[in-house]
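Q: As annotated in TrEMBL:
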- 20-54: region 'Disordered' (REGION)
- 137, 163, 193, 194: S-adenosyl-L-methionine binding site (BINDING)
């Protein structure tokens, strides 16, 4: 199968598939992390730049540059306890959601089932080139590579983990040492801003994933445009993110848990109430399923079906978009 035919098949798979439903401590404080992260991000000598643009940081309105520093500080603070954070935010179900997310994407090219290449066309590339954005700890990347290797018998698919936060990347590199992909060319980590992926060539990526990260971006529309740019025609954008609960009763219970219990538990477990307070507020401020679906369309993507799949009553949702051929 040639490269164009492979991308057409990949596009058809995502437009027609994906209907399965899922039914089911650090001592560093936030304020210290804010100061440390701000020092790391200090610009060099040059003319002072002032931004009058504002955005939200949880329920606060702040300057755009301030948000980037404060979000960075949050994730520097929780990097070592990232799984604990997600357990608290999702009542422990995030592991099932991530497993379903990856199974649904079915990464990798299976050499046992791929049609033979025509003698008149060049062979299709071996494996997928995957970009996992805001994936610093490697949680999604390891799953993607495991699935490609064990399910699709693909030893060539590669994943680049990109994250703006060096502490999250350090945690991912540390975890990678105990994985089968340590010191191999199949897994790499790079510090990068999702809103300006200057090191990623245009039309070079087969699959772009972002899990529980995009709600923290200052300019989500810019990140979506960059996703569109770096994907090959027929390539897939896939996002797993906290979303809007679709049952009023369940929503009331979940919000009570989120706002009353999670910051308190964050204080007790990680010694960091403020970071966990921001995280629950960031979920509340994230666009609804319909609004985010429309943002994906505006970026140029085709969306399959209604555009998203709710998980556990809408606590989270999977969104997909396909870059037209």
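Note that Cβ sites are derived from N, Cα and C of the backbone, with glycine treated the same way.
Have a look at these and tell me how they're positioned relative to everything else.
A: The number of other CB atoms found within 10 A of the CB of residue 163 (S-adenosyl-L-methionine binding site), across every protein chain shown, is 27.
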Q: Rank the binding-site residues 137, 193 by the number of other Cβ atoms within 10 Å of each Cβ, and give the residue at the low end.
A: 193
Q: Restricting to the record's S-adenosyl-L-methionine-binding residues (137, 163, 193, 194), give me the longest CA-CA distance in Å as a whole number.
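A: If we measure all Cα pairs in 137, 163, 193, 194, the largest is 16 Å.
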Q: Would you count the other CB atoms within 10 A of the CB of residue 194 (S-adenosyl-L-methionine binding site), including those on all shown protein chains?
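A: Cβ-Cβ neighbours of residue 194 (S-adenosyl-L-methionine binding site) within 10 Å number 25.
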